[in-house]
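What Swiss-Prot says about this protein:
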| type | residues | note |
| --- | --- | --- |
| BINDING | 159-215 | ATP binding site |
| BINDING | 288, 290 | Mg(2+) binding site |
| DOMAIN | 133-317 | domain 'ATP-grasp' |
């Protein structure tokens, strides 16, 4: 198959951590042809979706038991050519968040891809629908108590009821802007005013789960099925476990409760065309559903001796072959 990946600038990607690289590497190892571009390389000509794309060859990284071995250079990209997206069996939309105006417009261009000819992963409509904070609220049986509001008095009352909470910007990523709220914090008003832009933007306020100190579990789902998990544990004085803010990773099993959560969300994920997803679970509760560019493949592979990328591409092959 020919596969196109819409990514961030490839020279800025870390091949030992980036899940997009892991997916492209797995696809190449399975014999597929890889092409790359950025969302600014998309266009539509007389109704035909096009991309200014480059063929890519990757030198696979190797885990040596205590470190990654990476070739220098680890990739070779060929000459850019303007190609119809219908030349590809699938197009992976792997631009990292935040969801900007440019990102949103790219999904509109990808709407012009005929799903009978080419599968877009994840679905552009699904990407627009699934705000990574709000999407989880559809599944009330498995989420912690949550308020979404821009009203300071309402947030204050909810915090007083909970005694401790976590505030999350609705457009944040990788733990950015997440705050721990304590009823006794004299900075409460300022924190809420800054986060809501003086009451103009809603934020999510979620019950603080004490189990967060033991880790934030990332579970990778492919076509609704859980393939693997990694635990991200806060370090030092940081209460967030995100890898981007220094959280350490450790192996963790997928529990029966995790499978209950996955079973609750899977039908909606499939309905919305969300093929590759990372959900976050703390203390047996679903806290986020990550759909734009979920990470965690390299860490799960390294800790468990598996290849989530290979399993993902195999699942894609099965879908494409079904037609």
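Each residue, glycine too, has its Cβ placed from N, Cα and C.
Annotation note: residue 191 (ATP binding site) sits in a helical segment as assigned by DSSP.
Within the same chain, residues at least 6 positions away in sequence whose Cβ sits under 8 Å from that of residue 167 (ATP binding site) are 155, 178, 179, 180, 181, 191, 192, 195, 203, 204, 205, 206. Candidate binding-site residues: 159, 175, 183, 207. Nearest to residue 290 (Mg(2+) binding site) by Cα distance: 175. Take the CB of residue 288 (Mg(2+) binding site) and look out to 10 A: across all protein chains shown you find 24 other CB atoms. The Cβ of residue 215 (ATP binding site) has 21 neighbouring Cβ atoms from other residues within 10 Å, across all protein chains displayed.
The binding-site residues in question are 175, 199, and the one with the fewest Cβ neighbours inside 10 Å is 199.
With respect to Cβ neighbours within 10 Å, the binding-site residues 207, 290 differ, and 207 shows the lowest count. Note: the CA-CA distance between residue 207 (ATP binding site) and residue 288 (Mg(2+) binding site) rounds to 13 Å. In the structure as shown, the Cβ atom of residue 191 (ATP binding site) sits within 10 Å of 17 other Cβ atoms. For the pair residue 183 (ATP binding site) and residue 288 (Mg(2+) binding site), the Cα-Cα distance reads 24 Å.
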